[in-house]
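Listed in TrEMBL for this protein:
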ACT_SITE  HIS265  active site, proton acceptor
BINDING   TYR36, TYR140, ARG175, SER263, HIS265, ARG268  glyoxylate binding site
BINDING   PRO89, ILE90, ALA91, SER118, GLN138, LYS241, ASP296, SER297, GLY298, ILE299, ARG300, GLY319, ARG320  FMN binding site
DOMAIN    10-370  domain 'FMN hydroxy acid dehydrogenase'
Amino acid sequence: MHPGSAVPPVDLSSIVSVAQAEGEAAGRTPADVWDYLVGGSGQEVTLGANRTALDALAVVPRVLTGLSERSLHCRLVDGEARMPVAVAPIAYQKLFHPHGELAVARAAAVAGVPYVVSLLSSTPMEELAACGGSLWFQLYWLKDRSRMLDLIRRAEAAGCEALVVSVDMPAMGRRLRDLRRGFTLPADVRAVHFGEQQASRDIAAGGSSIASHTAMAFDPSFSWADLAWLAAHTRLPLVVKGILDVDDARQAAHAGVAAIVVSNHGGRQLDGAPSSVDVLPAVVDALDDSVQVLIDSGIRSGSDVLKALALGAHGVLLGRPVCWGLALGGESGVAHVLSLLHDELDNAMALAGCGDPSSIRQLRTLTPAARPGGRR
Ligand SMILES: Cc1cc2nc3c(=O)[nH]c(=O)nc-3n(C[C@H](O)[C@H](O)[C@H](O)COP(=O)(O)O)c2cc1C
């Protein structure tokens, strides 16, 4: 809770599912910040499709497997994780709680899951690295390559374990909620990795507007050749985030990336793009085991994680629910959301007859079209 707020502190123990955290956090977050967090682009068709597709998917449980114990441990990219989940990069986390990214990094470290630091973090990566967890650093492609190289060297020196390149931002999607409200960042929340010069330009532009970062700093001409350049300039494994097309997945594999993230940016970029789970099976089929397939956009429960893995993903990224936890109680709130997700996944695995994440990938799934009476 924000200090000085009239809203009473939340009793985290009364929140018994990840999904419930959304309603509780909504009442504790200023309306403009809430809209920035939960909103999508355009008519929010893709935002809605992420949930519709997950809800419509069924997983067929196995029985009599003889298992009495489970482990959720797995490998994500090049490291160990205590469950097949990483915290997605989310910009400006001090918007949701004064401790911002530090609270999230600490909770992720305790939960044993990687935390993807956004390029637009409001806390420097070095401070987050001091929390001791597994950090991946996310980049958008910048016009200024020397600044990008500086950031890559900083990420390497800070001990980040992977570089996540988000490739779905040639321009920012039109977020109508933010446009209607004229949403701008408060003066005390800024993208610290951009340095003082950018920050003062933002303030001069009248409140550090998010679209101004995108337009001024991001390079829309980013191409596969640039990705090859990046691969040659870092020793860190690359993760390409924001893939939906099968041919793009193949190109990324060809470029030697360690993993891709099938993602529509949580419905915030092309409105009308497919849900991530709808394209996931074809992407998984197109790749061999040398590339891990992660997925995000709409994951809200342990059973959603089970569904994603049953479709062939190796892990998921969790976006907005982490910020619900942050808004509810800083580090404890995020820890609570991650622990609920762990317990939900553990329970779903028990009920589906799975002893570990790799066995989830053997489960059968049913989509609406494949059900009796469904469309073909
Ligand atoms: C408020 C907000 C800020 C985000 N900032 C970034 C970012 O800085 N970099 C990035 O690659 N993705 C960013 N994303 C996208 C997330 O990493 C992720 O793809 C998306 O939130 C997943 O969907 P979910 O929120 O439904 O779980 C952002 C998403 C939200 C909601």
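Keep in mind that glycine also has a Cβ here, set from the backbone N, Cα and C atoms.
For GLN138 (FMN binding site), the number of other Cβ atoms no farther than 10 Å from its own Cβ, over all displayed protein chains, is 23. Secondary structure from DSSP puts HIS265 (active site, proton acceptor) in a helix. In this structure, ALA91 (FMN binding site) belongs to neither helix nor strand by DSSP; it is coil. Highlighted here would be the binding-site residues (TYR140, ARG175, ARG300) whose C-beta falls below 6 Å from ligand 1, but none qualifies. Residue pairs drawn from TYR36, TYR140, ARG175, SER263, HIS265, ARG268, the listed glyoxylate binders, are separated by up to 19 Å at the Cα level.
Per-residue pLDDT, averaged over the domain 'FMN hydroxy acid dehydrogenase' (10-370), rounds to 94.
In the three-state DSSP scheme, ASP296 (FMN binding site) is classed as coil. Taking the recorded positions ARG175, HIS265 in turn and counting surrounding C-beta atoms within 10 angstroms, the largest count is reached at HIS265. Straight-line distance linking the Cα atoms of HIS265 (active site, proton acceptor) and ASP296 (FMN binding site), rounded to a whole number, equals 8 Å.
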